[in-house]
Amino acid sequence: MNPNQKIITIGSVSLTIATICFLMQIAILVTTVTLHFKQYECDSPANNQVMPCEPIIIERNITEIVYLTNTTIEKEICPKLVEYRNWSKPQCKITGFAPFSKDNSIRLSAGGDIWVTREPYVSCDPGKCYQFALGQGTTLDNKHSNDTIHDRTPHRTLLMNELGVPFHLGTRQVCIAWSSSSCHDGKAWLHVCVTGYDKNATASFIYDGRLVDSIGSWSQNILRTQESECVCINGTCTVVMTDGSASGRADTKILFIEEGKIVHTSPLSGSAQHVEECSCYPRYPGVRCICRDNWKGSNRPVVDINVKDYSIDSSYVCSGLVGDTPRNNDRSSSSYCRNPNNEKGTHGVKGWAFDDGNDVWMGRTISEDSRSGYETFKVIGGWSTPNSKLQINRQVIVDSDNRSGYSGIFSVEGKSCINRCFYVELIRGREQETRVWWTSNSIVVFCGTSGTYGTGSWPDGADINLMPI
């Protein structure tokens with residue numbers, strides 16, 4: 001090869017290499033520009049349209065680092081669209097209930113700063129469960145805990161902690177309340193908080209940490225609400241509220257709330273005579289509540305709420321094994337689905353039940369006359385057959401020698417079905433335990449299971465003689 005040919009060959013190779021390098025630089029530039037603009041766009045899986053990221057609620061700010069030769073590009077991954085909960089999955093098929101959580105608040109109060117509380121409940125957002133309670137504005141080892149048996153004071157606040165975390169001094173006080181309900185619509189928490197004078201109380205509606213709406217007492221006689229979770233379906237949350245006599249005719253209303261704003265109010269209709277402290281659960285496309293009749297019945301009222309047209313119906317649980325306390329013994333108790341049974345109807349306790357086809361799962365105190373012990377069972381035909389009494393799958397949650405209290409339901413959405421869970425309030429202190437001057441509680445929580453399970457008893461467990469007076 002002569003010198004001229006060598007020069008031409010070297011030049012051709014150099015030109016080829018230069019061209020390749022030029023094309024690579026163009027590719028890097030195009031990639032950089034594309035990724036820069038795509039960080040502001042998300043593909044919508046519904047219709048393949050491009051949607052801006054900014055209006056979407058970002059739960060986690062994730063950054064992916066992409067390396068191309070010597071160029072570093074930061075690409076923001078668009079978060080999953082947060083949607084309202086619709087609770088359209090079927091209810092889980094269960095054989096009974098398994099232990100889930102216990103906070104041991106009273107035992108811990110013997111040596112730590114734990115809030116004095118009552119009226120606890122549990123509710124979950126799409127990713128985590130929380131426990132709530134109405135605090136008394138004091139810790140247990142504090143002279144302000146004297147005489148905390150009283151239900152309604154201006155110092156009571158709604159407390160919120162992750163489930164299983166006792167209400168310590170760092171606990172968040174969500175709102176001022178001596179009666180409350182809370183629920184998560186898929187986007188944010190709604191808290192319904194009642195406080196004020198007995199004859200002129202106020203219910204505040206707090207959504208996503210902001211006060212959005214309020215309503216005053218309509219019967220001037222202790223406006224009150226559920227003391228357990230409300231339910232939201234497709235952005236509409238329902239809460240049952242009562243104002244009026246605790247031992248006679250009262251005025252119950254069902255409020256429909258969207259992002260904290262009251263959009264409709266429906267009066268109670270149907271055959272229920274007295275409704276308080278409802279334990280509600282989603283029953284798509286509506287909401288179903290099992291409540292307390294504090295006037296005429298030891299059988300529990302049922303309130304069915306139509307979220308679409310705001311209509312209400314009510315009746316009573318058909319099971320002849322009734323759920324309230326006090327009540328007749330199981331041989332003489334009765335319920336015929338439509339009306340209160342007029343059996344030891346005065347007084348009562350918050351409780352729960354839920355339908356399972358024609359059957360009903362329910363919980364109640366073991367004692368027929370006091371808030372002692374706690375049991376659950378299934379009544380065959382208990383949802384559809386008047387005075388049905390065939391009981392199966394009975395479990396003892398708290399033995400009859402130990403105190404219980406309020407109980408309520410909450411729902412947890414799984415991958416394929418909606419599970420029902422319940423909590424039991426374990427009251428300690430006054431009135432029964434007069435060595436101390438305070439009244440407070442801990443909780444135990446169980447959830448439905450399709451598996452097998454054993455036996456036990458899960459009382460509060462604190463030795464009252466070791467507790468601060």
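Backbone N, Cα and C atoms are what each Cβ position is placed from, and that goes for glycine too.
Over in Swiss-Prot, the protein carries these features:
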- 1-9: topological domain 'Intravirion' (TOPO_DOM)
- 11-33: region 'Involved in apical transport and lipid raft association' (REGION)
- 36-88: region 'Hypervariable stalk region' (REGION)
- 91-469: region 'Head of neuraminidase' (REGION)
- Arg118, Arg152, Glu276, Glu277, Arg292, Arg371: substrate binding site (BINDING)
- Asp151: active site, proton donor/acceptor (ACT_SITE)
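Positions of Swiss-Prot features highlighted on the structure.
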{"residue": "Arg118", "record": "substrate binding site", "Cβ neighbours (10 Å)": "22"}
{"residue": "Asp151", "record": "active site, proton donor/acceptor", "Cβ neighbours (10 Å)": "16"}
{"residue": "Arg152", "record": "substrate binding site", "Cβ neighbours (10 Å)": "17"}
{"residue": "Glu276", "record": "substrate binding site", "Cβ neighbours (10 Å)": "23"}
{"residue": "Glu277", "record": "substrate binding site", "Cβ neighbours (10 Å)": "25"}
{"residue": "Arg292", "record": "substrate binding site", "Cβ neighbours (10 Å)": "27"}
{"residue": "Arg371", "record": "substrate binding site", "Cβ neighbours (10 Å)": "20"}
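In the three-state DSSP scheme, Arg118 (substrate binding site) is classed as strand. The distance from the Cα of Arg292 (substrate binding site) to the Cα of Asp151 (active site, proton donor/acceptor) comes to 17 Å. Per-residue pLDDT, averaged along the topological domain 'Intravirion' (1-9), amounts to 60 for this model. Taking only the Cα positions, the spacing between Asp151 (active site, proton donor/acceptor) and Arg118 (substrate binding site) is 9 angstrom. DSSP assigns Arg152 (substrate binding site) to coil, not to a helix or a strand. Residues Arg118, Arg152, Glu276, Glu277, Arg292, Arg371, recorded as binding substrate, reach a greatest CA to CA spacing of 21 Å.
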